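Asker: This structure is in C-alpha cells; I'll ask about it shortly.
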Amino acid sequence: MGLTSSLRFHRQNNKTFLGIFMILVLSCIPGRTNLCSNHSVSTPKELPSSNPSDIRSSLVSLDLEGYISFDDVHNVAKDFGNRYQLPPLAILHPRSVFDISSMMKHIVHLGSTSNLTVAARGHGHSLQGQALAHQGVVIKMESLRSPDIRIYKGKQPYVDVSGGEIWINILRETLKYGLSPKSWTDYLHLTVGGTLSNAGISGQAFKHGPQINNVYQLEIVTGKGEVVTCSEKRNSELFFSVLGGLGQFGIITRARISLEPAPHMVKWIRVLYSDFSAFSRDQEYLISKEKTFDYVEGFVIINRTDLLNNWRSSFSPNDSTQASRFKSDGKTLYCLEVVKYFNPEEASSMDQETGKLLSELNYIPSTLFSSEVPYIEFLDRVHIAERKLRAKGLWEVPHPWLNLLIPKSSIYQFATEVFNNILTSNNNGPILIYPVNQSKWKKHTSLITPNEDIFYLVAFLPSAVPNSSGKNDLEYLLKQNQRVMNFCAAANLNVKQYLPHYETQKEWKSHFGKRWETFAQRKQAYDPLAILAPGQRIFQKTTGKLSPIQLAKSKATGSPQRYHYASILPKPRTV
C-alpha cells in the first residue's frame, strides 16, 4: 500500500484556490455525529508554517470547551515503563468529544505542513513510549469524564462510561447497584480506552474473555476527526478494528460495558507445585470445567526464601504445622492462585464447591493457604502493593516488562528452558503464568494471539532498582528479556507479544502474520495520515508526502499509497 510521494502540496495565497481547497478538505472529512456539543468545528483560513510557534498559534486559535497547555509537557513525556523522555509540543485537556474531534480535524487540515501527531493518554501505563507523542499533541483522556457513569439494569445490564474513566471508579459505582463488569485487568487504576485498545486480560478471561470481549458499543474519534458510534452490528469494521487495535484507528471516547451481578466476598486460595507439568495440567483442567473457580491465575517463584511464612500476613494455612516445615529455598515453584465468588449466605455451599475442586488437584498438600476478603479488596489488590512501593520510592522506576502469549503446545518447552536455565531468581518482580480458553473470545478484533485454542499468558514484571547493579540493573533485565525472546525465536515456539513493541516493519509484519494487510488497510481507511498513536512505532506520519487535497486526488485517481513504517522512525531518547 502506499502513499504516492510525487505530489506535493504548495501553499498559495490565491483566495480562489483556498476556497477550492476548503471544499475538498470538507468533502473528504465526514462531519461529526453524536457530539456532546453544538459547536461547529473552526478551521483556520490559512495553513500555518511548520515553525513550532506558528503551530502553537494555530492550536490556540481552536474553539474548544477544554483547553490546550504548553508549559507542563514534561508531565506527560514519560510513561510507566519510565525508560523514555519524549515531550510533546502541547497537551489537550478535553471537556467534550467535540474538543478531540476539532483537534484531529485541525491536524488533518494541516496535512503535510506539520509533524503533529496525537497520542491519547490515560493513566500513562504504557511500557515503551506507546502513549507518547514526541513534539505532537497528547490528549489527557482523564479530562474527559463527562457525562457521569451511567448504569442500566435489566436482563442484560450495562454501564456507559467515558474512555477516560478508570476501572476502579466504574467498579465502585456499579457495586452501588449490585453489579460489576465481568472481566478485569489485575490493576484497576487504568482507563477504559487504554485497556480496550490492548485487550484487558486477567484471571477471569478463561470464562468471559478479555475486556474487549465484553463491550456492547463504542464511540470513536477516528484519525480523520469523525465521531462514530459503532458496535458489532453498526459500523462493525471500526468496532472490531479499535478493540485491541493499539490506538491506531481511533480514540475511544465512550464505551458500553457488559455487567453481571456482583458478589460481596471472595475465597482467595493459593497452592504450590514443584512440577510444572502437574501445575499446568491442573490449570488447564480448571478452565475446561463448566463449574469451576471464577478466577484462575498462577505465578512462578524462583529461589525465594521463607515463602510461605511471608504469605501469613494475608492468608491462613490449612495446616499450620505442615506449612512451617515447607522449605522454598533454592527451588523453582509454581503457585496456582484461584478465587471463588460468594455472598455471605452462600458460604457453606461455596466451601463444599471449593473443597471438591481442590480435591481433584495435585498440589503440595502442606502449601494450601486461603483467605476470605471483600470482592472489591481482591480486585484492587495491586493498588495496595502500589501504595507500599510508592512509600519506598520504588514505584516510579524503570519497568522493563515482557508479556508473552504462548501456545499450549510450546509451554512446557518454554518453561523448561526459561524457568530452569535463563532465570535464576525473580526477586525483582513477579512472573505470572496462566492459560486462557480462546474458544470463548471474539474472533474479529485486532488482538493477535497464537493459533491454538488454549494459550498461556506469561508476564515478566520486574522493576529496575535505581543505582543498582547485577540482576536488579536495567541493562541486565533488558538483556534477560532478549535472551527469552531469542530462545522463543530459535525454538520456533510461535509466541506472540501482548502489549507488543517492535522496531522494524519486518517485526510488525511477523507479529500480525496474514492479518498485516488487513491491519494496514484499516489504518488507511480510518487514519490515512498516520496521526494517531505514533509511540507504537507501527506507522510514521506522512509528513511532506500527502495533504488532504492530495489524499482526495489519490483516492479519485486510484493512485497507490505508501505508508512509512517503524523501520525509519527515530529511536526514542532514553531517560
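Glycine residues also receive a Cβ, built from the backbone N, Cα and C atoms like all the rest.
Worth saying up front: this structure is predicted, and the values here are computed from it rather than measured.
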Asker: Since Swiss-Prot lists Ala120, Gly122, Gly124, Ser126, Gln130, Asp186, Thr191, Ser197, Ile201, Ile252, Gln536 for FAD, which candidate among Tyr158, Tyr285, Tyr295, Tyr498 does it give for that site as well?
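Answerer: Site partner of Ala120, Gly122, Gly124, Ser126, Gln130, Asp186, Thr191, Ser197, Ile201, Ile252, Gln536 for FAD, according to Swiss-Prot: Tyr498.
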Asker: Hey, what's the widest CA-to-CA gap across Ala120, Gly122, Gly124, Ser126, Gln130, Asp186, Thr191, Ser197, Ile201, Ile252, Tyr498, Gln536, the FAD contacts in the record, in Å?
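Answerer: Of all Cα pairs among the recorded FAD binders, the widest measures 23 Å.
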Asker: Measure from the Cα of Asn303 (N-linked glycosylation site) to the Cα of every one of the recorded positions Asn115, Ala120, Gly124, Gln130, Asn467, then give the nearest.
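Answerer: Among Asn115, Ala120, Gly124, Gln130, Asn467, Asn467.
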Asker: Please report the Cα separation of Tyr498 (FAD binding site) and Asn467 (N-linked glycosylation site) in Å, rounded to an integer.
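Answerer: It is 29 Å, counting Cα to Cα.
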Asker: So what's the average pLDDT for the domain 'FAD-binding PCMH-type' (84-262)?
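Answerer: Summing pLDDT over the domain 'FAD-binding PCMH-type' (84-262) and dividing by its length gives 96.
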Asker: Distance between Ile201 (FAD binding site) and Asn115 (N-linked glycosylation site) at the Cα atoms, whole Å?
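Answerer: The separation of the Cα atoms works out to 34 Å.
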Asker: Show which residues of the chain containing Asn318 (N-linked glycosylation site), separated from it by at least 6 in sequence, have their CB under 8 Å from its CB.
Answerer: Leu368, Phe369, Ser370
